[in-house]
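Engineer: To start, I am sharing the structure in question, which I have written as structure tokens.
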Amino acid sequence: MEICKRVEQVDFEKMNGLIPTIVQDYKTKEVLMLAYMSKESLNKTLEDNTTWFYSRSRDELWNKGATSGHFQYVKEIKIDCDNDTILILAEQVGAACHTGNRTCFYRDL
């Protein structure tokens, strides 16, 4: 299926143009992070095979790893049954979390 048709099936309207995106290590299946994608960031992710997200606080797109070198190389992208959440299986280089931890989910509640 071509890229534009795949993107069109995603329901960006439920959350005002954004969609929650879970990133998981493609080998270990460890959950690395959750971020939000816009249609534009999903298109950029599909085009260059690294993760692009939408920063709600900065109101801009960002490429994971562009500053830190901790890129996420996309291996597979899945969408849930409601077409409103994305799961990305990726090869993580270095830490996924801005704190320097491998995963953003390193604390117990």
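The first residue you see is number 1, and the count goes up from there.
Cβ from N, Cα, C; glycine included.
Straight from Swiss-Prot, here's the annotation block:
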- D80, D82, D84: Mg(2+) binding site (BINDING)
- C81, C97, C104: Zn(2+) binding site (BINDING)
Engineer: By a 10 A CB contact count over all chains shown, which of the binding-site residues listed here is most packed: C97, C104?
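Structural biologist: Counting every other Cβ within 10 Å of each candidate, the maximum falls on C104.
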Engineer: Starting from the Cβ of C81 (Zn(2+) binding site), draw a 10 Å sphere and report how many other Cβ atoms land inside it.
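Structural biologist: Within a 10 Å radius of the Cβ of C81 (Zn(2+) binding site) lie 6 other Cβ atoms.
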Engineer: So for D80 (Mg(2+) binding site), how many other CB atoms are inside 10 Å of its CB?
Structural biologist: 13
Engineer: List the Cα distance (Å, whole number) between C104 (Zn(2+) binding site) and D82 (Mg(2+) binding site).
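Structural biologist: If we compare the Cα positions of C104 (Zn(2+) binding site) and D82 (Mg(2+) binding site), the gap is 25 Å.
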